[in-house]
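J.: Here you go, one structure.
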């Protein structure tokens with residue numbers, strides 16, 4: 001997949017650290033290794049690709065009201081970290097994003113196949129890409145760029161760890177942290193996106209329901225501290241484990257105006273804690289990697305087959321450094337400088 005680095009954030013320089021091939025780099029790696037030995041407890045508890053401290057301490061079901069946001073944030077799950085934000089994007093701004101996507105001309109989403117299943121169906125994408133939009137002269141495109149930028153900056157302020165904020169203030173370091181362009185997706189009736197992990201170093205996802213149709217399902221959310229096969233899953237069997245979970249009973253299902261009956265053939269065993277109602281403008285934020293830099297398979301999710309047209313906007317935050325093979329050393333360097 002082609003990387004989509006956005007300049008919506010003020011982080012335009014990319015000072016990548018070499019894979020420790022030089023003597024200078026080797027000396028730095030040795031120094032960081034000593035740091036790991038002396039501060040292992042701090043390193044283990046330091047998770048810059050997780051929620052900011054104030055949200056990481058929030059219990060499931062509890063609400064936090066940040067000063068910069070009129071609407072509160074509710075924690076839905078501890079593992080994966082999953083949060084719900086009421087009315088994150090206004091109706092006017094939602095309409096702007098949808099109009100801009102339609103004006104661009106939406107393209108069919110790339111289809112990937114597993115052994116016997118088509119992953120996507122009846123879905124179409126557009127990107128609020130500054131490089132393309134700057135060449136447009138219509139008012140809607142300019143407004144969409146402003147809305148997308150505000151969505152990214154608000155998401156950064158609320159959901160990016162405070163250690164990353166210092167990185168931005170010091171002039172960038174996109175190896176540690178950058179945002180992709182905002183993606184607008186439309187699902188026609190019958191559209192779906194099967195179980196998947198966001199991957200591609202996308203450690204944080206902020207997803208907005210633009211027209212109030214939900215259908216997002218996290219099969220392993222709310223397991224709490226209970227161990228499960230998914231914790232030692234591989235890319236090959238994570239989806240198979242997800243298919244064994246029961247919608248409406250296991251995990252968390254986010255449902256909009258289409259109603260929970262659109263996804264359940266039976267009400268038997270329905271758990272009230274497993275169904276969250278969303279409206280147009282509401283958003284969710286979730287984290288897809290462990291502090292070690294490994295994928296958290298509990299963050300596997302899907303968009304269930306929808307009974308009517310669905311629109312969403314998504315912003316992904318990525319860290320090539322903190323989700324890669326040298327993530328532990330890079331994390332220690334970030335802690336050292338924070």
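Each residue, glycine too, has its Cβ placed from N, Cα and C.
From TrEMBL, for reference:
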- 178-319: domain 'Fe2OG dioxygenase' (DOMAIN)
J.: I'm checking region-level scores; what's the whole-number mean pLDDT for the domain 'Fe2OG dioxygenase' (178-319)?
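T.: Looking only at the domain 'Fe2OG dioxygenase' (178-319), pLDDT averages out to 94.
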J.: As a quick check of your reading of DSSP, tell me how many residues in the domain 'Fe2OG dioxygenase' (178-319) are helical, how many are strand and how many are coil.
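T.: So the counts come to 19 helix, 56 strand, 67 coil.
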